[in-house]
Amino acid sequence: MSISIKSAEDIEGMRVACRLAAEVLDMIAPYIKAGITTEEIDRICHDFIVNEQHAIPAPLNYKGFPKSICTSVNHVICHGIPGPKKLKNGDIINVDITVIKDGFHGDTSKMFLVGQVKPYARQLVDVTREAMYLGIREVRPGAALNRIGAAIERHASKYNYSVVREFCGHGIGREFHEEPQVLHYFEPKLDIRLEAGMIFTIEPMINQGKRHIQMLSDGWTAVTKDHKLSAQWEHTVLVTPTGYEVLTLRQEEDFGRTELG
Ligand code: MF3
Ligand code: CO
Ligand code: CO
């Protein structure tokens, strides 16, 4: 029961895996349009990861997951399984990419807007991204782990949104899911301190309505019980001696690569 501190070599390996995961999101962006099916998105990502990146799509066969990426549309919270359904104008979709390169995992996801999206849906997407960034800004050595969730929950509450509790961020490295669990809400008992060399994801799922989830019979897909919208963004983050480094940062993000120098 302990959080691993990554060596300099591990960190270099994680930088590479995380950069590849981020590049998959950049690559797939122009394809996310009305009319494409989520299994076509899965196929394009799979082929890019395997044939161009010479990496492994971590979800494929992970605990029986049948596809290479997760696609979560509208009221789907997370772990949506790519399938034959076409995206339509007004949809919001999370694409979650995890690649394994030289034994290291890089994990990141973002929301895409399909065509003209209603203002309330766009706001949920924007606020969820802001909440993730506010969580990331809490990361520095000596900070309590639960400050991340506190910052995320505070931001979501301002808009009367709710934070999903059943799924959380996670340590990551040679394993897909390592300690610690990174909750996206404030848990007073979670007062362990961050140390330089820890690597974990921050991946808040925020609901437009109530926080409660319902699992579909496929055993993977989590949806909102009230069928209102849900959004999620995810980055893999390294604790540095002075703050943090977002290992899965994309070029489009003006958000700083490091905080506090
Ligand atoms: N990428 C997801 C995460 O952020 C996990 C997906 S597990 C899968 O932790 F099996 F559904 F792919
Ligand atoms: Co993750
Ligand atoms: Co992920």
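Here the Cβ of each residue, glycine as well, is placed from N, Cα and C on the backbone.
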TrEMBL has ASP96, GLU234 binding divalent metal cation 1. Which one of ASP107, ASP218, ASP254 is in the same site?
-> ASP107
Pick from GLU130, GLU195, GLU203, GLU253: which one does TrEMBL list with ASP107, HIS170, GLU234 for the same divalent metal cation 2 site?
-> GLU203
What does DSSP assign GLU234 (divalent metal cation 1 binding site), in three states?
-> strand
Show, in sequence order, which residues other than ASP96, ASP107, GLU234 on the same chain lie with their Cβ within 8 Å of the centre of the Cβ atoms of the divalent metal cation 1 site.
-> ALA21, CYS70, ILE97, THR98, THR108, SER109, THR201, GLU203, THR236
Could you tell me which of these binding-site residues, ASP96, ASP107, GLU234, has the greatest number of Cβ atoms within 10 Å of its own Cβ?
-> ASP107
